[in-house]
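Visitor: Found this in TrEMBL, in case it helps:
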DOMAIN    42-291  domain 'G-protein coupled receptors family 1 profile'
TRANSMEM  26-53  transmembrane segment
TRANSMEM  60-83  transmembrane segment
TRANSMEM  103-121  transmembrane segment
TRANSMEM  141-159  transmembrane segment
TRANSMEM  202-226  transmembrane segment
TRANSMEM  238-261  transmembrane segment
TRANSMEM  273-293  transmembrane segment
Amino acid sequence: MGAGNETVVAEFILEGFSGLDQRLQLFLSLILLLIYLTTVTGNTTIIFLVCVAHRLQTPMYFFISNLAFLEIWFTSSTTITLLVILSSGRRTISLSSCFAQCYFYFALGCTEFALLVVMSFDRYVAICQPLHYAAIMKQQLCTHVVVATWVISFTLSSYRLVFLSKLTFCGPNKIYHFFCDNSPLFKLSCSDTSLLWKADSILISFALLGSLCLILVSYMCIFHCILHMPSASGRKKAFATCSSHLTALAIAYGSCIVLYAQPSERVSLETNTVVALLNTVLYPFLNPFIYSFRNKTVKLALEEALGRAKVWLFPQS
């Protein structure tokens, strides 16, 4: 490709939901804004409660608070762009912004898969090895594991920026999605993207399928331990907790498998967009309710925090 073609495309146009009526786009933007604000507020509340409530300062809630922090950034990496598209109609995005969004989306996604593996192992130790839980899940170990998941995931994903910076785009510049996902972005390049496709396939298979296998093994062991519990009420409570967790995991992994674990030609643009919404909007929205707000311990911590806030704000009442 000649040097003169390398700077032809200075920005991309995101065509996601472009076929919707303008009034419908505005209505959808309001719904998404409400979901986004609820997601950010819910996850921020979890982080705050874990920091201030002594009863929540355990390994399980330490991991949940890290997941909540990650979900805020993960959903923000794509939802803000979608809100701008639907509310203002501004669909252009610069090359650098597009590359950055693509990088952070996948880096945060890999980090989330790693955290989910760690959380499943934490539940395995708590249920199947309760007498050794305190000795195994020490605070120092938990901190090191969480830091390692963030550093390794972002480091492994950094190859994207290197490869993306070397791609040339000569036109067309329309991405048929609401954010800079890999498949529609790579197809627009004039360069040879075969190496990038291969690297992506390896990383996605490792992060997606590898973490899924580890989580399934952990939950199989957990279910085996639950079935051997002497208390019927204990089995019922454990099953209810695990089933809600598995529901959240089914949404996260199911959507990612549809999007990334099969050839992109088999997935229509409409299906791709709808499934991506499940992954980037619905799943982060449900997480605070599935992992925290249904829990009695979290409810008590929230009530105590609200009580202290009321006394601080209205000392005379």
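Backbone N, Cα and C define each Cβ position, glycine as well.
Unlike curated entries, TrEMBL annotations are predicted automatically.
Quick caveat, the model's predicted, so the values are computed rather than measured.
Locate each feature and note its surroundings.
Guide: Nonlocal intrachain contacts for the transmembrane segment (60-83), taken as residues 6+ away from its ends with a CB within less than 8 angstroms of a stretch CB, comprise 14, 16-17, 29, 32-33, 36, 39-40, 42-44, 46-47, 50-51, 93, 101, 104-105, 108-109, 111-112, 115-116, 118-119, 122-123, 126, 139, 142, 146, 178-179, 276, 280-281, 284-285, 287-288, 291-292, 298.
Only residues 6 or more beyond the boundaries of the transmembrane segment (103-121), in the same chain, are considered here, and those with a CB under 8 A from a CB of the stretch are 60, 63-64, 66-67, 70-71, 73-74, 77-78, 145-146, 149-150, 152-154, 156-158, 160-161, 164, 179-182, 203, 207-208, 211-212, 214-215, 218-219, 222, 249, 252, 256.
The list of residues near the transmembrane segment (141-159) in space but at least 6 beyond its ends in sequence, with Cβ under 8 angstroms from a Cβ of it, reads 59, 62-63, 66, 103, 106-108, 110-111, 114-115, 118, 199, 203, 207.
Beyond the ends of the transmembrane segment (238-261), by six or more residues, the same chain brings 109, 112, 116, 123, 127, 181-182, 204-205, 208-209, 212, 215, 219, 222-223, 226, 229, 267, 271-272, 275-276, 278-279, 282-283, 286-287, 290-291, 294 to within a C-beta distance below 8 angstroms of the stretch.
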Visitor: Grab the same-chain neighbours of the transmembrane segment (26-53) for me: Cβ-Cβ under 8 Å, and only residues 6 or more beyond its ends, written as numbers and ranges.
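Guide: Distant contacts of the transmembrane segment (26-53): 17, 20, 61-62, 64-65, 68-69, 71-72, 75-76, 79-80, 82-83, 86-87, 281-282, 284-285, 287-289, 292-293, 298, 301-302, 304-305.
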Visitor: Just to confirm my parser: what is the rounded mean pLDDT across the domain 'G-protein coupled receptors family 1 profile' (42-291)?
Guide: 87
